[in-house]
Amino acid sequence: MKGAKSKTETRSSKLSVTKKPAKGAGRGKAAAKDPNKPKRPASAFFVFMEDFRETFKKENPKNKSVATVGKAAGDKWKSLSDSEKAPYVAKAEKRKVEYEKNIKAYNKKLEEGPKEDEESDKSVSEVNDEDDAEDGSEEEEDDD
């Protein structure tokens, strides 16, 4: 049996086949997020989760696992009928409408750009530095 490999040779060849991506080949840096941008609204399930967390904590005060709460909530959500989900869907829809209104106002504000009256801190300090230079002499003298 020429060319047959032993078990250890087979294992080592399988291990050597796996390749790791080169450094820097991953995702690029994410763009800086604007802290003033409105947050996206919660889905009906997450609105349900807000209520469910409170009741679950009361029933299971010793539970510290987030995964357990999430799993229990998911199971409960799946077991609910459409009529039982309706109030959560309505709340989510209401939040979505409010979000759309806020995002339109936010985008409109972005399109307008900064107002001319407002100056950035940097430009104000540059103006003050120029004023200071005009008031004093060109060269600073030591009083020693």
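From the backbone N, Cα and C atoms, a Cβ is placed for every residue, glycine too.
Quick look at what Swiss-Prot lists:
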type     : residues : note
DNA_BIND : 38-107   : DNA-binding region
COMPBIAS : 1-12     : compositional bias 'Basic and acidic residues'
COMPBIAS : 73-94    : compositional bias 'Basic and acidic residues'
COMPBIAS : 127-144  : compositional bias 'Acidic residues'
MOD_RES  : Ser125   : phosphoserine
REGION   : 1-42     : region 'Disordered'
REGION   : 57-94    : region 'Disordered'
REGION   : 106-144  : region 'Disordered'
Same-chain residues near the compositional bias 'Basic and acidic residues' (73-94), Cβ under 8 Å, at least 6 residues beyond its ends: 41-49, 51-53, 56
Within the compositional bias 'Basic and acidic residues' (73-94), residues counted as helix, strand or coil by DSSP: 20 helix, 0 strand, 2 coil
